């Protein structure tokens with residue numbers, strides 16, 4: 001199979017899940033096709049084997065289906081109620097109403113009302129009958145087949161009025177399914193429209209508008225204020241603010257200047273920017289988000305698998321019951337054939353599991369689309385449901401709960417002026433490659449100190465201790481307190497040692513600066529807790545997360561300080577990467593689902609082992625998008641409580657939808673026993689269930705990132 005051609009196509013005309021599944025089955029039967037998989041949420045089909053667009057459209061077996069290459073931008077289909085084909089249904093409704101009015105005056109069984117109802121059935125049900133008969137020839141008892149049999153059967157036993165009503169109500173049911181599908185897909189459609197299809201490019205000294213497909217890596221893209229970016233790239237000239245909400249969900253625009261990364265689909269708000277293109281159009285962050293969201297909608301959640309299994313047996317079982325109801329009483333008790341055939345036809349209508357079939361996918365597609373619009377990529381219904389039932393979340397400390405960038409928090413001056421000492425220390429540290437040295441440099445830059453003016457010679461790194469250098473013909477040392485215990489004749493004085501111990505108990509790393517004869521200053525450096533960490537942890541606990549765990553390789557003092565400030569319920573310190581993995585496994589052994597939140601790079605093994613891997617900063621790193629089950633596109637923890645709230649809401653909606661559908665179906669079936677079930681009640685129950693499921697699912701569009 002690996003040598004066979006794999007092609008993906010966009011499909012226009014999927015109004016219901018049943019249509020999509022029937023199309024999938026028909027395509028699998030085509031000569032040269034070994035496998036086909038429909039993605040209803042994304043309106044796509046992937047075909048393994050050789051086929052043509054013409055063959056695919058012929059396999060559709062229902063009207064209005066059109067197939068396009070995946071790369072083509074297809075026109076939006078008209079709403080169900082505006083399509084030309086459905087004007088026949090409107091005419092059918094008018095004919096039925098007129099026939100009913102005439103029937104009340106001259107009698108329902110009169111010739112004129114009967115002809116009117118028959119005309120209404122043929123006018124409104126023509127397309128339905130064609131599709132139903134095609135399926136019947138294939139012995140595929142789908143919704144159209146069952147409705148065709150029910151309507152023709154009703155007419156055959158003289159129930160023309162009921163047949164006409166079923167045609168109209170079935171059209172309404174189809175419209176509701178179409179509406180729910182369109183609304184659920186709107187988030188994907190909005191993503192597809194975010195990036196312009198052409199952009200202004202400077203190439204070989206010339207500026208010209210060109211389609212994004214023709215833009216090459218290294219081209220210079222010119223973006224004016226108020227324009228959207230068509231490609232990913234790096235700013236090479238200009239300064240502006242960029243609204244990145246389309247990608248990251250961040251509401252506050254980001255300042256961008258030379259060297260900064262920018263994304264397709266984002267909005268340039270102020271200045272003129274020249275941007276070097278760094279990715280092809282199919283590889284942009286927006287394209288990858290769209291691909292991931294489309295693929296995620298093809299993944300079946302556990303609840304959807306249950307519904308599919310149930311529907312597989314439910315429909316045949318009810319059809320058998322309908323046959324028994326229609327045949328057994330007349331054959332064995334001499335009862336009226338007309339009455340029992342009518343009840344059997346009503347049971348056929350009940351056998352259509354329309355509302356049940358859409359109960360899960362509509363909710364999942366809506367929720368995943370909502371998340372994508374708010375900068376959260378959920379890679380499938382299974383992960384959405386897992387997030388909805390979580391009780392435990394583990395966090396990597398560095399870069400997740402903390403900012404991931406060490407900062408100078410305290411400066412203790414022992415001898416001399418603070419600014420002068422920091423200038424000298426920075427002149428030395430700027431030559432060091434140690435991460436803590438960069439914290440000192442950033443502090444000096446923030447204060448506007450002129451450390452570059454200092455003449456530094458004979459720099460030497462002292463492995464594991466610090467560094468030394470000659471500045472203005474005098475030797476200075478910078479490094480750990482341990483270094484100065486060795487360098488100073490009398491070591492570090494007790495009062496200073498006490499302050500150092502205090503800093504260390506607070507989880508801070510201490511840097512000392514001085515000469516061979518005197519300690520001049522002590523700096524405390526720490527990876528600061530994110531401002532959002534504590535509110536996020538509190539919000540998670542309020543949303544039903546019972547246990548939050550911080551995992552870190554730091555010492556217990558540092559870990560304890562950060563963990564307590566964040567408000568997590570458990571702190572695991574001094575962990576190697578394999579130890580983090582073992583912590584995750586320990587929760588699995590207790591049969592507890594656990595999510596792991598990290599950056600998707602250093603903690604990739606733990607993310608992979610967790611029930612649910614959640615990576616931050618997905619817009620900036622390919623690893624986060626590839627590794628995680630859920631990617632928070634911005635480097636922002638506040639998206640996490642929103643994700644949990646949305647997932648819990650989606651899980652509740654799915655359960656409600658399934659319950660609504662089953663209760664309505666079985667309640668309708670119960671009407672058979674006292675003989676109260678009619679064709680119009682059966683179809684109205686289906687319409688009602690579909691309406692309830694649709695409206696309930698669309699409530700997920702209102703879940704907002706607070």
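Yeah, the Cβs are placed from backbone N, Cα and C, and that goes for glycine too.
TrEMBL lists transmembrane segment at one of the ranges 112-129, 130-147, 148-165, 166-183, namely 112-129.
Long-range Cβ contacts of the transmembrane segment (89-106) within its own chain (Cβ-Cβ under 8 Å, at least 6 residues beyond either end) map to 112-114, 116-117, 119-121, 123-125, 161, 164-165, 167-168, 171. When Cβ-Cβ distances below 8 Å are used as the criterion, the transmembrane segment (313-333) is approached by residues 141, 146, 340-341, 343-345, 347-348, 350-353, 356, 669, 672 of the same chain, each at least six residues removed from its ends.
Shown for the domain 'HMA' (5-68): DSSP residue counts in helix, strand and coil, namely 19 helix, 23 strand, 22 coil.
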